[in-house]
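Participant: Right, I'll just put the structure down here and ask away after.
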Amino acid sequence: MEAFPWAPRSPRRARAPAPMALVPSARYVSASGPVHPQPFSSWNDYLGLATLITRASDRGSPHEGPGPTAAGPTMGPPEDDEDDDGEEPEAGGRYLGGALELRALELCAGPAEPGLLEERFAELNPFAGRAAAVLLGCAPTASTTAAAASTAEVTPREEPSPAWAAEPRLHAASGATAARLLKPELQVCVFCRNNKEAVALYTTHILKGPDGRVLCPVLRRYTCPLCGASGDNAHTIKYCPLSKVPPPTVRPPPRSNRDSLPSKKLR
């Protein structure tokens, strides 16, 4: 059996990574001495995410100086491969600089204006609509509206005004009116619905208008057999005024005295 001469392993593989030690500034550096285990702390940044975010933010804004934590020495873990491409850290830095640029976010740009969040989350409001100001008690009074108008004249804003600002007649609406505004205005004719008509027919109109006139086209063509009413005053026999009048009681004719006498037998 042929034996191969022993050859020493390459120094590249024989080199072991230096031990890592955690410094108080939450960065990893190589430690020459033995590492003493430390208790785990949930408030300690073991991964150094704060450093990455600070570097990315400082790299994206050249006018600002480096952060307070960027002044300390930072050393990453030793590289095991000496032939690594030197352009990878730059590419990673550019990626982090674009991905972690928090100042590019619209919400982090500065303090939000008073009406900005209201307009953004207006679609998520379950009471969005005409009656929202009445139910939630946020309808402005006359003095508030006048003050807002004067402020708008001094410092005009480009944002559109709320929907309830253009309708001052809702300010004095009662609770019943607010409840009615929340209900969907569906047109249902009870006469056609009770007669088993199609849904497409009885949802296009109502039975009677606010003034009491009959609006149903089917009922308007009907003529009451008792009173002959039709058109605006059309109704069925059940709702006819004559059907509610009790009929006169019929009394039997009075009996005569001759009929009251007992009959005699004829011989």
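Cβ atoms are placed via backbone N, Cα and C, with glycine included.
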Participant: Could you check which of 20-36, 105-121, 224-240 is flagged in Swiss-Prot as motif 'C2HC 2'?
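Facilitator: It is 224-240 that Swiss-Prot describes as motif 'C2HC 2'.
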Participant: Does DSSP give CYS192 (Zn(2+) 1 binding site) helix, strand or coil?
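Facilitator: Where CYS192 (Zn(2+) 1 binding site) sits, the three-state DSSP reduction gives helix.
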Participant: Quick check: with CYS189, CYS192, HIS205, CYS216 left out, which same-chain residues have Cβ atoms within 8 Å of the centroid of the Zn(2+) 1 site Cβ atoms?
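Facilitator: Apart from the listed residues, the neighbours are VAL188, VAL190, PHE191, ARG193, GLU197, LEU201, TYR202, THR204, ILE206, LEU207, LEU215, PRO217, VAL218, LEU219.
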Participant: Near the Cβ of CYS189 (Zn(2+) 1 binding site), how many other Cβ atoms are there if near means within 10 Å?
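Facilitator: Result for CYS189 (Zn(2+) 1 binding site): 22 neighbouring Cβ atoms inside 10 Å.
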